[in-house]
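J.: Below you will find the structure I want to go over with you.
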Amino acid sequence: MSVDNTAKHPIPPGFEDALLKPADYTRMYDESIRDPDAFWAREGRRIDWIHPYSVVKNTDFTFGKVSIKWFEDGILNVSVNCIDRHLPTKAEQTAIIFEPDDPKATARHITYAELSEKVNRFANVLLSQGVMRGDRVVIYMPMIPEAAYAMLACARIGAVHSVVFAGFSPDALANRINDCGAKLVITADTAPRGGRRTPLKSNTDAALLHCSDRVRCLVVKHTGDQTTWIEGRDVDVLKLMDEVSPDCPPRPMNAEDPLFILYTSGSTGRPKGVVHTTGGYLVYAAMTHKYVFDYKDGDIFWCTADVGWVTGHSYIVYGPLANGATTLMFEGVPTWPDAGRFWEVCDKHRVTQFYTAPTAIRSLMGQGPEWVDRHDLSSLRVLGTVGEPINPEAWVWYDKHVGKGRCPIVDTFWQTETGGHMITSIPGAIETKPGSATLPFFGVKPEVLDPASGQIIEGNGVEGVLAIADSWPGQMRTLWGDHQRFMEAYFQQYPGYYFTGDGCRRDEDGYYWITGRVDDVINVSGHRMGTAEVESALVAHEKVAEAAVVGFPHQIKGQGIYAYVTLMNGVEPSDDLKRELETWVRTEIGPIAKPDLIQWAPGLPKTRSGKIMRRILRKIAEDDFGSLGDTSTLADPGVVDELIENRMNRA
Ligand code: WTA
């Protein structure tokens, strides 16, 4: 199927009274770029401050002295903004709808009053365990309300949380606990997902073997499954919550105090601890949530991400709750018990905004529209996507079968590092094109750069790499414990800019099209994976001498993981060994890192100085080796023929 994606889709009828109209977008965008101080001074007031700020923007992108501060003398508390300030008017409104994995189990509706009590009690539990302002707390939890309570409880007392996706292995969890020096890890007994159970507590036990024995473990008994219990180290949170006071005074925090650390994959080395702070992050999360989804009181907002990713932080917890919204938390998966689950949940809870990833749309598309048609989706108003470029075919399917042509689709481009949306359409204000993230959000100044020279490419109808010329409040501030690496990763290659790592095209209408990562990061089902991480897991196996990992186009996942593996001398390749390596990577990192294809490589293409030529490996993995480009610097050109001959992906 080929889709005309050059023409603009008009704003559907019914959006005449949207929060922002086309003229509002233009006017506000212009002001945000012309006079960011005035713009953000005003927008910063959308949240409550204990002491207001007098300074708005104080940022410097100069390599060597990068410094990013917003609202720097303001004092606030995030949990007060997400809870307390709504109590006078919304105490009995639902804050969180919890839809369990098992469709037959009862959904829970947690009001703002209940949320307040739970978070206050949870915060007192943390205090009782000696957690203090600035201490790090790792959260390794299923998609249950207690995960949100834990995050907000940290925010209430000024502790810094670091949520680790429940799909990560014990080793990955241990690395993160150690890297941020967490005092405590919060987990649950087991996590039901798609009818199966992940043993979170026993994973945590295994992780803690590699951590300081001072690290405490708080356990939410969610399923009641049997787990081991270490007296003196393990704490039953729910039991303790009943015993402590329901009142915990919020800690006044500085706008630039860290709110959370979130580990993400980079092009080199170990995962990076992205640091977001309190004031700017919350202003940006709240504002983008409101405008990009046209959120209005009474709406039911559902973001299908996991709280282990940044999307869950900004658009399940902080953005929606700061706006006093009703946010849905779903414990399950899109395809269990059947491919209609998403739509059943939309119907059941009368969801108005639905936000998911292209990979989910593609996999459901493959099951046929009848799964959608069985459910009443008339409550939906706005659809969103995030995580990877959406192919026009999936966009058109989403629009037709889910949105019935009535719901604007917001294709939101952003990153863990950016805290919130960067380039996105806005319902009622920006016309869409299938596959384009459209236009920049307020305060965001995108530039298309020539990848080689770093020069700005002006005008429309151009392509290059995407950089951002000035700071916005939701921007990350540093990498935990490594400001130098922060500067090198984002500000060195193109001096004066924040470099996204993405390629980008600006079309004749000035619309932006993200073309994918230009570094060694791959995007598997919307999950970011560093090829270096998978490689180092592979070479840690005793039978592996060398490994090179690249992405390749995958129908459902967007990109798949393709691993070239050179075995130790004398080790025989076999299918059993392939399975052994797959299992190995799953345990080293987690199921999301399992290679889709493994090719035995007697040798890897290297330059004479020993550098692996990934460009060539990418081409072979893409089954597109007709134009390998310049191979004259190869030490042994014969290696390439061998790899082509035995390639695993044959289109
Ligand atoms: C990609 C997820 C195209 C991009 C919020 C980016 C996208 C990386 C889009 C960040 C989109 C995210 N269109 N590509 N709408 N959204 N990406 O940190 O390559 O998990 O750099 O943040 O995902 O992934 P991350």
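Backbone N, Cα and C atoms are what each Cβ position is placed from, and that goes for glycine too.
Just so you know, TrEMBL annotations are computer predictions that nobody has curated.
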J.: Among ARG374, ARG528, which is the one TrEMBL gives for the ATP site where GLY387, GLU388, PRO389, ASP411, THR412, PHE413, TRP414, GLN415, THR416, ASP502, ARG517 also bind?
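T.: My reading of TrEMBL gives ARG528 as the candidate in that site.
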J.: Ligand 1 is in the model; which of the binding-site residues ARG193, PRO389, ARG517, ARG586 have a C-beta less than 6 angstroms from one of its atoms?
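T.: List returned for ligand 1: PRO389, ARG517.
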J.: What's the CA-CA gap between ARG517 (ATP binding site) and SER525 (CoA binding site) in angstrom, rounded?
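T.: Roughly 14 Å, rounded to the nearest whole number.
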J.: Taking 10 A as the limit, how many CB atoms besides its own sit near the CB of THR311 (CoA binding site)?
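T.: Its Cβ has 24 other Cβ atoms within 10 Å.
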J.: Tell me the Cα distance separating VAL544 (Mg(2+) binding site) from TRP414 (ATP binding site), rounded to the nearest angstrom.
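T.: The separation of the Cα atoms works out to 36 Å.
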J.: Compare the Cα of VAL539 (Mg(2+) binding site) against each of the binding-site residues GLY194, THR311, THR412, SER525, ARG586 and report the nearest.
T.: ARG586
J.: Give me the long-range Cβ neighbours of ARG586 (CoA binding site): same chain, 6+ apart, Cβ under 8 Å, in sequence order.
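T.: Sequence-distant Cβ neighbours: SER169, ALA593, LYS594.
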J.: For the CoA site made of ARG193, GLY194, GLY195, ARG196, THR311, SER525, ARG586, how many Å separate the two farthest Cα atoms?
T.: 24
J.: Does DSSP put LYS611 (N6-acetyllysine) in a helix, in a strand, or in coil?
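T.: The residue in question, LYS611 (N6-acetyllysine), is coil (DSSP, three-state).
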J.: Compile a sequence-ordered list of residues in the same chain as PRO389 (ATP binding site), six or more apart from it, whose Cβ lies below 8 A from its Cβ; state 'none' when nothing qualifies.
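T.: When sequence neighbours closer than 6 are ignored, PRO389 (ATP binding site) has PRO358, GLY435, TRP513, ILE514, THR515, GLY516, GLY558 within Cβ distance under 8 Å.
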